[in-house]
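Here is what TrEMBL records for this protein:
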- 5-56: domain 'P-type ATPase N-terminal' (DOMAIN)
- 33-53: transmembrane segment (TRANSMEM)
- 186-208: transmembrane segment (TRANSMEM)
- 229-255: transmembrane segment (TRANSMEM)
- 275-301: transmembrane segment (TRANSMEM)
- Asp349, Thr351, Asp726, Asp730: Mg(2+) binding site (BINDING)
- Asp349: active site, 4-aspartylphosphate intermediate (ACT_SITE)
- 752-1006: domain 'P-type ATPase C-terminal' (DOMAIN)
- 783-804: transmembrane segment (TRANSMEM)
- 816-836: transmembrane segment (TRANSMEM)
- 866-885: transmembrane segment (TRANSMEM)
- 905-923: transmembrane segment (TRANSMEM)
- 935-959: transmembrane segment (TRANSMEM)
- 979-999: transmembrane segment (TRANSMEM)
Amino acid sequence: MVCVNNRIKTSKYNILTFLPVNLFEQFQRVANAYFLFLLILQLIPEISSLSWFTTIVPLMVVFTITAVKDVTDDCVSICSKLQNEKWMNVRPGDIIKLENNTFVAADLLLLSSSEPHGLCYIETAELDGETNLKVRQALPVTSELGNLIFHFIGGVVCEPPNNKLDKFTGVLFWKDNRYSLNNEQMLLRGCVLRNTGWCFGMVIFAGPDTKLMQNSGRTKFKRTSIDRLMNALVLWIFGFLVCMGIILAIGNSIWEQQVGAHFRIYLYWSEVVNSSVFSGFLTFWSYIIILNSVVPISLYVSVEVIRLGHSYFINWDRKMYYPKKDIPAEVRTTTLNEELGQVEYIFSDKTGTITQNIMTFNKCSINGKTYGKSVLINVLPKTVPVDFSFNPLADRKFQFYDHSLIESIKLGDSMVHEFFRLLSLCHTVMSEEKNAGELIYQVQSPDEGALVTAARNFGFIFKSRTPETITVEEMGKLVTYQLLAILDFNNIRKRMSVIVQTPDGQIKLYCKGADTVLFERLHPSNEELMYLTSDHLEEFAGEGLRTLALAYKSLTEEHFKEWFKILQEENTSLDNRNEHLAAAYEEIEKDMMLLGATAVEDKLQEGVTETIASLSLANIKIWVLTGDKQETAMNIGYSCHMLTDTMNEIFIVTGHTVMELQNQHSDREYFVLQAHALEADLENEFVEVACMCQTVICCRVTPCQKAQVVELVKKHRKAVTLAIGDGANDISMIKSAHIGIGISGEEGMQAVLASDYSFAQFRYLKRLLFVHGRWSYFRMCKFLCYFFYKNFSFTLVHFWFGFFCGFSAQTVYDQWFITLFNIVYASLPVLAMGLFDQDVNDQNSMDYAKLYEPGQLNLLFNKHTFFICIAHGVYTSFALFFIPYGAFYNTAGEDGKHIADYQSFAVTVATSLVIVVSVQIALDTSYWTAINRFFVLGSIAVYFAILFAMHSDGIFVIFPNHFPFVGNARNSLSQISVWLVILLTTVVSVMPVITFRFLKEDLNPTITDQKPLQNYIPRVYRRNSRRSAYAFSHQEGFGELITSGKNM
């Protein structure tokens, strides 16, 4: 077996592969291969009328600029690799030590830890999105070694590397014995060691063999839909170019046969030309070279510059900067900006992306009275929170704004005291007192932490526990309760209870759980209080809060002993033990007295609800893909208003075959997907049903399945997809989507390193798409439309001229004008438009979501608009050639001299072209800046400056063979008739455009021409669907672990 090292490659290139891989990527653009072909043609003197350097210099510039940009995009990943270099040499079989709060960097077999019985606690949010702590336990035979673990000599035989996060099968061979291994002994790469001083582990899988990397997928070369369209258009243009070449070549053969033969006495054919047919063949290639500027090399240079500029605009956007953590937005791939304006599907992780992973105690109902301020009302800066200074052990981060609750506690309200006493006793939290007065709680789930912290601040402080006792400080007095039993939580019971004995001998049962379950087990005397509390729960649920009901029951010693005897018998039964235990729990958990209810807020990231509402208005479908279970996923869906009570009944995919799924099919507004729906034979049904829904939530999906969902939508819907996440479990999804976004969150930088864009908060996604994405798409489309128009106008003049020059491949313009037109005269104005133009400002782009739809529908640049641009260019070239030709035909100048010479005609057509394209870009520009004005006027000024310089006597004396147009500009442009021809050509070229746009805006206005409807984002109130906070507990509680004493 070959052992791989732990080196993870996050970059596309290295020193050896950069040149070949980058050139391979660049030649995937059809145009680059096309230009290389033209360069080869220009090296053949018999067919080229242009110098080879006119192609090779721009081509090298394109390759260089693109290569520099690509290596810049990749350098962050390379830097990341160097930062992790200390892990590079870890190999399978190595034994390594991890300390508390460190990431697990390879798949390890847990051997021993600082905790009793080889226990350790891990957080797996990076792998499955679950924030609750999980327990792993070493084999007893290795846990006893402790720090002597380096004397361990053994071997492991296990399954091959795979992407299954919840399964592991292996055998440990040690001291002539075999020990079975499973997932309970494994620490996977991406986990974080929590509440454990240290642990030792043996590396099982390293580097790309780890389960995390097996789920991450391969880095893909991403191209935008416009790039792919341009590749097709270049092929079409090349076909059009070939057609023009064939027409002109046939014309040359006919002309040489019928007319050219009469002039061979003094116009000899070259030795290689021996027939008119062969002359036509050479002319074909000559015209291919002359007309190649219909797709100029400068197009790709300009596209890269515009994309780079758009990337810097995103990086510099202060409105996407997160000052709390000093995190700006960052573009990590500069080639996808315009695709941000075409997104139709967003695939989002939940934990850390939509939520903050923070649960807070907001409101409560105690004995029929509510306490706490509504979360729907923003707390004013002047609002004073409750002062907890009387409690030295209070959590200083905890804030509560209803002073009446603390007053009730201080006044000794027995029901309020009992309420918080229950919260301080009924849980599976474990405490650790690091320093005097500094309590650290080890919580199984965030909701338990929020409730115990609330009790702590209100004077009921959970201090410590043993397998038999719980110690609580109640209003400054230390009280130790005997822990008689823990009736643990599970997904069926939806509640947990503890039975304790007070110091004065009373036995009490304290229970908390979902109200729907708890209310059924109350004493009949609680009916009136139950209805009142139920109304409060409705109110809490309407504010999007997680609710739990609380109840207690006093037990006699005889009753408890009788029940406990039954419990012990059921606990030792061999058949159906769980069912028997559940029945025993049911027996004791009845006729309870209602105390009240809690309301906990699962804090969403700031602006999540508004962002999701705005994205939905823009017809963007948002799918949440999470490793959490169904209840949790639905709760978050309600919290961020993706799910509402106005929607139809929930549709949960439970079928395992196509027929079962079809039988479940119905018109739903949303549905919740279980992971098995992604099986191969259900793919088509899944996509068909899911895409009809307004909201889709996929729960219990692995990282690999997240990527599978994205790939299915890409395959079947042909839509632009965006994936956003913050953890390593999102990497494969981020890589699979057209656009991947990483949230710079609490859980490291794995997702950011794999992403194309990164920022700190989910709410910035709205600005990224609606402003930067929409502007980038709008600008790139206008740039391409103008560029193709401009170059067809410039190039097709040669085609018309061919019919009047004997199809001799003679160019209309001076060779220097051909070289400089796209580089100097017409490059900067269109570049400025591509960088700065905007149809509406950023605020309107944010306010009117409907403005985003043209990008989704691909309206601004498609095959139809391309052909309109081509037709416009053909018309302009026709006017540019035939108006001067007709005006100069048999015409004398003002001095009586003939001005219909080739050079005067060339100068007139070139000047008309520069002015026409400048006027056209002025008409196309929607947003004028000082830079636009300077570039448009400056380009015209530079043209005339260079024109008079190249036509001057001085430069002709120095380079007589390269500048033959001596004095022509001065002679031609000094005549009024020439300027009148230029004016007429300009008017004829642009007037149809002005007329068409005027009529179109009046008769068929676009969405930006109209005043869009104001976004209406209603505040959604939840009714009739309470959600238990226990939705955040993903497994059975730590009850059995606590009572066993293994964790003590």
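Cβ atoms are placed via backbone N, Cα and C, with glycine included.
Note that the structure is a prediction, hence the values are computed from the model and not measured.
Distant neighbours of the transmembrane segment (186-208): 3-9, 90-115, 119-127, 133, 136, 149, 152, 156, 158, 161, 165, 168, 170, 214, 430, 432, 440, 442, 727-729, 747, 750; these residues of the same chain sit at least 6 beyond its ends, with a Cβ under 8 Å from one of its Cβ atoms. The transmembrane segment (866-885) makes contact with the transmembrane segment (905-923), as judged by at least three Cβ pairs under 8 Å among residues 6 or more apart in sequence. Within the chain carrying the transmembrane segment (905-923), a Cβ under 8 angstroms from the stretch's Cβ atoms is held by residues 786, 789-790, 793-794, 797, 812-814, 817, 821, 825-826, 829-830, 833, 876, 880-881, 883-885, 888, 936, 939-940, 943, 947, 951, 965, 968-969, 972-973, 978, 981-982, 985-986, 989-990, 993-994, 997, all 6 or more beyond its ends. Between the transmembrane segment (275-301) and the listed ranges 783-804, 816-836, 935-959, 979-999, the one holding the most Cβ pairs under 8 Å is 783-804. Shown are the binding-site residues Thr351, Asp726, Asp730; of these, the residue with the fewest other Cβ atoms within 10 Å is Thr351. Mean pLDDT for the domain 'P-type ATPase N-terminal' (5-56) in the predicted structure: 63. Comparing 783-804, 816-836, 979-999 for CB pairs under 8 angstroms to the transmembrane segment (935-959), the maximum falls on 816-836. Beyond the transmembrane segment (783-804), the same-chain residues lying 6 or more positions past its ends with a Cβ under 8 Å from any Cβ of the stretch are 226, 230, 244, 248, 251, 287, 290-291, 293-296, 299, 302-303, 306, 810-813, 821-822, 826, 830, 833-834, 860-861, 865-866, 869-870, 872-874, 876-878, 880-882, 885, 909, 913, 916-917, 920-921, 924. Asp349 (Mg(2+) binding site) is surrounded by 29 other CB atoms, counting those within 10 A of its CB over all protein chains shown.
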